[in-house]
Structures are given as C-alpha cells and as structure tokens.
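Trainee: Pulled these from TrEMBL:
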ACT_SITE  GLU106  active site, nucleophile
ACT_SITE  GLU110  active site, proton donor
DOMAIN    1-220  domain 'GH16'
CARBOHYD  ASN114  N-linked glycosylation site
SIGNAL    1-29  signal peptide
Amino acid sequence: MASSYPFPHVQLLALLLLLLNSFLVTVFAGNFHQDFDITWGDGRGKVLNNGQLLTLSLDKASGSGFQSKKQYLYGKIDMQIKLVPGNSAGTVTAYYLRSEGTSWDELDFEFLGNLSGDPYIVHTNVFTQGKGDREQQFYLWFDPTADFHTYSVLWNAQHTVFYVDGTPLREFKNLESIGVKYPKSQPMKIYSSLWNADDWATRGGLIKTDWSKAPFTASYRNFNDDHACVWSSGSSSCSSSKSGSNSGFLVEKELDSTSQQRLRWVQKNYMIYNYCTDTKRFPQGLPPECTVGNRS
C-alpha cells in the first residue's frame, strides 16, 4: 500500500519556502526607517509596518514629503508607489532624484492627479546644472491607484532611462559631444512629496482640488537601491569590491532591441507631450539633443 508520508513533507517544504521567500522580500526590500527621513508635513508622512510601508498625505493645511539618507552617483533605483485614488485633481505626487546647490541636476517623475475616471498624467523632466525645460508627458496603460507599480530610474554615464514596471518611458542620452549638458558629476538624493498644485496640475489649473475628498494619500513600498552607487565622503561604493554587482548597469550604453521596441510602443500610444516636437515653444530651433538622440 502506498505510503502517505511524502505529502506532509511536501506541505512542510512548501511552507518553509513560502516563509523563506517572505523573509527575503523583507530583507531585500529596504526599510524606510533606515533609508529615509520624513522631512515635512507635521505628521502627515508616516512609516508603518515595521518600516516596510511609507505613506504621504495632503490636506488643506499641508502636504508632506521625505528624502533619502544616502546620496547616489549612478545606478538603478526602484520604488513601488500606489497613487492617490479617486478624485485626485489638483494634487501632485512627485518622486525624483536631485543634487544640492544652485546648479543642480534632477531626474523627475511627477504624477498629476485628475478627476475620478480620468487618467493620471506622468510628467517627466531632466535638469542639468539648474536648467530643465525637457518635459515629456504620458498616460499609463493601467490604473496607478488600484495597486502598487514599480517606478525606476537607471542613471549612468551613457544615458538615463525612466521605467514603469520594467517598461521604458523615456531615455535621455549623454550627448556632451554636441554640447548638451548631462548629469554626471553631482550626487543626488531621492525625494518624494505630495502637495497641492491646483493652479496648474489639472488641465492647466482649470480643475481645482476638492478638499471634501481630503486627506489624499499616496503609498510607497519595496524601495531597492541594491544596484545603485552610494556616494559618501567623496567616493562611490561602486569603486569598491561591490562594483561587480553594479557593473552591468554602469556600463550599459543603450537599450537592447526589446526595450527599444517597448519604448517606441509607449511613446506611440501613450505620450501626450514631447518638448522635442514643440516648435512653437522653441521658435529659434529645437534643442540640439532633439535632432540627434533624445527626440523620442
């Protein structure tokens, strides 16, 4: 007669694997207590679930924000965000990297809220030495308020790529060879804030914030900087033995063919504004990167 012994063992093994996976997720997802400081909001920013969840809230009195404890110079950084649900018109959830000083570099995701049922607009921008004006805007192919989605920036000496769930939205190439400034020498911190911008955020300011829906809340989890180069005391962690795990991201010069195809798909179907095609805005001629490598 067949023995029934294997079945409890299989169930026990499955349980152990599940617990191990849960442990690994907890260990490698980062901890908001360790990685970030809530910098403003008078209690409207909260770290919950033993450091595994962070929330920012906005009401009529104030928004809130946080910043990373570390600075970075190159690498790939991931954050899962669930945006403000319902009628979020007038609100902006900003998630970005920025250096210090008056000639700063900055890599922006800004999520512009909208009326219930209308899509969020993802606003991206690249600042180099204090100059931006490189906006590209997109709709998303999913509801970013229904669940968490991963928003990533890959930044190295060759190019910068903005990703959503592993799909590239935009690429900004290093074109210093034709005189375009590129963010390459100033370490940046990670910032995020939830704030009221109803003077411009939704339909150019035509739709105002409905404060009866407040507080508005955005949620964050699973921060990952395992493949980023931490800048400390004038040197990078990627110059040490750790660089082996980051080298693939640091030497990548261009998107592979699959990613290029996905980038074209996003920009064909979901891009709603591109500074590189706005000839009215640049009557003297489009910026030089638009005619060479960053048009799409």
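First residue shown is number 1, and so on along the chain.
The backbone N, Cα and C atoms fix where each Cβ goes, glycine too.
Any TrEMBL annotation is an automated prediction that lacks curation.
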Trainee: Suppose we draw a 10 Å sphere around the Cβ of GLU110 (active site, proton donor). How many other Cβ atoms does it contain, all chains included?
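Mentor: Counting Cβ neighbours of GLU110 (active site, proton donor) within 10 Å gives 19.
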Trainee: Give me the count of other Cβ atoms within 10 A of the Cβ belonging to GLU106 (active site, nucleophile).
Mentor: 19
Trainee: Let me know how many other Cβ atoms fall within 10 Å of the Cβ of ASN114 (N-linked glycosylation site).
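Mentor: For ASN114 (N-linked glycosylation site), the 10 Å Cβ neighbour count is 21.
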Trainee: Please work out the mean pLDDT for the residues of the domain 'GH16' (1-220).
Mentor: 89
